[in-house]
Every structure is written in structure tokens, then in C-alpha cells.
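Quick notes on the structure that follows.
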Amino acid sequence: MIPTTILISAALLSSALAGPWANICASKSSNEIRTCDSYGCGQYSAQRTQRHHPGVDVLCSDGSVVYAPFTGKIVGQEKPYRNKNAINDGIRLSGRGFCVKIFYIKPIKYKGSIKKGEKLGTLLPLQKIYPGIQSHVHVENCDSSDPTAYL
């Protein structure tokens, strides 16, 4: 028989290793980072044509519900591109010591409180703009540090 303290310790360690943020995408059971495809790789600091990737791409199917990774306030709209295309939308979320930009979503609102795991919005149609890409939610820390450990 396994002592209760060992079971509790194992559960706490497992939770800590999983990161403090909630699952971001309803179509995935965990926050899985996009691997490489013809458009590039989804991990933090992956090489791009003229720059490094400033965030992490979390796999998610087009049209899926996207959840708030932590409790906080949506403090405004964020747009990843200068042009108007079908996926040029997102938000800035701040709270619990975190600040992130989340791109490629149609948010339910651009300002206001939200709880961890609550519906934040819906993933926009990445396949329309980037056919064959692994559809994903882009998550970027406001200070440009690596968010991977929190996922």
C-alpha cells in the first residue's frame, strides 16, 4: 500500500509540471506546441525569415473554442498584422502576474474580467490565409519572454 503523503506529493508534482495555465483549446486535451510545417515552427524563438518567433503556437482546430489560460482582465484588442485579413485579431490578457497577447481568435469581448478556463473566443480560419499550416493559437508574453513553461 502506498502512503497517502506519497500520492499527494505525486499529484502536486504532476500539476506543477503541467504548468499553471489552463488548457487553451477545446479541440485538444492538452496545450500541444505546433511542430514544423512549410510555414515554420511553433516553438518559442524559432527562426523566421527576418526574425525569431516571439511566442508559442498552441495547436487548435479552426473554429474551436479558445479558453482563458488564467484568471485576469482582457485589457484590449491586439492585432498581429498591419493588413486586414481573416485572422488579424486577438487580445491582451493580464492577471496573476502574467501578461499575454493571444492571436488568431475572435474574442467574445475586448475588455473585462475573465476566469481561468472560461471561453475567451473562437479560433479564426488560419487555413484560409495559410493553407496546410497546423492551425494554432499564438500565445506571446507581453515582455517577449518564453511562455512555454506555463503551458
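Heads up, the Cβ atoms here are built off N, Cα and C, so glycines get one too.
Taken from Swiss-Prot, the feature signal peptide applies to 1-18. Annotated disulfide bond per Swiss-Prot: Cys25-Cys60, Cys36-Cys41, Cys99-Cys142, in sequence order, evidence recorded as experimental evidence. Positions annotated as Zn(2+) binding site by Swiss-Prot, on the basis of similarity to another entry: His53, Asp57, His138.
Recorded features from Swiss-Prot, shown on the structure.
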residue	record	Cβ contacts under 8 Å, 6 or more apart
Cys25	disulfide bond	Asn31, Val58, Leu59, Cys60, Ser61, Ser64, Val65, Val66, Tyr67, Leu123, Val137
Cys36	disulfide bond	Gly42, Ala46
Cys41	disulfide bond	Arg34, Thr35, Gln47, His53
Asp57	Zn(2+) binding site	Ile33, Arg34, Gly42, Gln43, Gln134, His136, Val137, His138, Val139
Cys99	disulfide bond	Arg92, Leu93, Asn141, Cys142, Asp143
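Fewest Cβ neighbours within 10 Å among the disulfide-bonded residues Cys60, Cys142: that distinction goes to Cys142. In sequence order, Arg34, Gly42, Ala46, Pro54, Gly55, Val56, Phe103, His136, Val139, Glu140 are the residues of the same chain, not among His53, Asp57, His138, whose CB sits within 8 A of the CB centroid for the Zn(2+) site.
Most Cβ neighbours within 10 Å among the binding-site residues His53, His138: this distinction goes to His138.
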